[in-house]
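**Q** First, the structure itself, so that you have it in front of you.
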Amino acid sequence: MAGVGGGNDFQWCFSQVKGAIDEDVAEADIISTVEFNCSGDLLATGDKGGRVVIFQREQENKSRPHSRGEYNVYSTFQSHEPEFDYLKSLEIEEKINKIRWLPQQNAAHFLLSTNDKTIKLWKISERDKRVEGYNLKDDDGRLRDPFRITSLRVPILKPMDLMVEASPRRIFANAHTYHINSISVNSDHETYLSADDLRINLWHLEITDRSFNIVDIKPANMEELTEVITAAEFHPHHCNVFVYSSSKGTIRLCDMRDSALCDRHSKFFEEPEDPSSRSFFSEIISSISDVKFSNSGRYMMTRDYLSVKVWDLNMESRPVETYQVHEYLRSKLCSLYENDCIFDKFECCWNGSDSAIMTGSYNNFFRMFDRNTRRDITLEASRESSKPRAILKPRKVCTGGKRKKDEINVDSLDFNKKILHTAWHPTDNIIAVAATNNLYIFQDKVN
């Protein structure tokens, strides 16, 4: 797989944009999670209105070779509704926090979706036949008078227009006191974990009424609380290993073979802080917003406010690679603290071969880093460059007084336009980028 673009590498070009163009965006329409399935043929998004929209990849067409990166709506359903916790007098919003696909075992697809409190397992299946010729029912479903039935009929299957159904198969509720921030499916395909601010639970996909608490960092006295869990993920190949990150910038790797309760970690990853750069904001910007294992399982990647770090699982003392995402914002931390942007939770993702990584920034910019060449590129998700197959031009941010023609000044960045959620196709150079209520799909340019 090629690098991130620029130089002798391939270039990224526009494929599609989904969503309305309206200037006034309804809060419910803001995309809150993006996820490709294991084959990359399906792409799911969740939004703040509790809806899940699934897009299906178009089959490659010899007469339209550029359509290989096109996705069209496959299924839309309401996953979660707003609820009210009468015990705590709290509203539970319907926003979808995470979506995770299960590996496909048969013709149907399964995914997990979660809001702050409840996880649901959905089955997405196709129907293109219907049964006709029941003995006790008419074709429109009404019961027939038994005394008028004079012959025995054998029901037959008749073809019908393709219908995609989404049905909830399991509902996993009442296991989290705090807001769920992560779900991760295990490589055993039977269990998954869910994490909130203070606890991580292990579930079996077939059992909804109980889960095992595998991490609990809640202190006896809540005044002694110094950190919270920010993200958690299972290892892609070893079903006994998982990691979780904290608001203190640390990552703990746990092995469930050691003990049932994994409060004692097997490995502890932390980068020593440079005392000379310490400031009031140091702890806030070191909080990890996302952690992802590489597809190979050898590395993991963490995202904090200003950077992306790649860690070798065999080296706990410091990351092996550090990439600055928007270092030019370091001088703006005070104003970012005042407008609460400093608490934004950016996600990150690997490409299929682990050779490149992607994460979001402000002004609808997103960044890509090539791990082999150490080159990086800044691109923009914008309708201005949304002509079919339009090549994305690299963007540059300048901090000084003199600005070149193609540069944007750091003071001109729009902090309301932010790319928090991105996804990379598991095998191809196709990426999905969520920008407020719009989903942009880009692909590498076909020569």
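Each Cβ is built from the backbone N, Cα and C atoms, and glycine gets one as well.
According to Swiss-Prot, the protein carries these features:
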type	residues	note
REPEAT	26-65	repeat 'WD 1'
REPEAT	91-132	repeat 'WD 2'
REPEAT	175-213	repeat 'WD 3'
REPEAT	224-264	repeat 'WD 4'
REPEAT	283-321	repeat 'WD 5'
REPEAT	338-379	repeat 'WD 6'
REPEAT	414-447	repeat 'WD 7'
**Q** Taking a Cβ cut-off under 8 Å, which residues six or more beyond the ends of the repeat 'WD 3' (175-213) line up next to it in the same chain?
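**A** Residues 97-98, 100-103, 105, 112, 114-117, 119, 121, 225, 228-239, 242, 244, 256, 260-262 contact the repeat 'WD 3' (175-213) from elsewhere in the chain.
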**Q** How many helix, strand and coil residues does the repeat 'WD 5' (283-321) contain under DSSP?
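**A** Final tally across the stretch: 4 helix, 16 strand, 19 coil.
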**Q** Which bits of the chain, at least 6 residues beyond where the repeat 'WD 1' (26-65) starts or stops, bring a Cβ under 8 A of a Cβ in it?
**A** 18-20, 71-82, 93-101, 103-104, 109, 111, 113, 115, 122, 124, 166, 421-428, 430, 432-434, 436-439, 441, 446
**Q** Take every residue in the repeat 'WD 7' (414-447), average their pLDDT values, and give the whole-number result.
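**A** The average pLDDT of the model in the repeat 'WD 7' (414-447) works out to 93.
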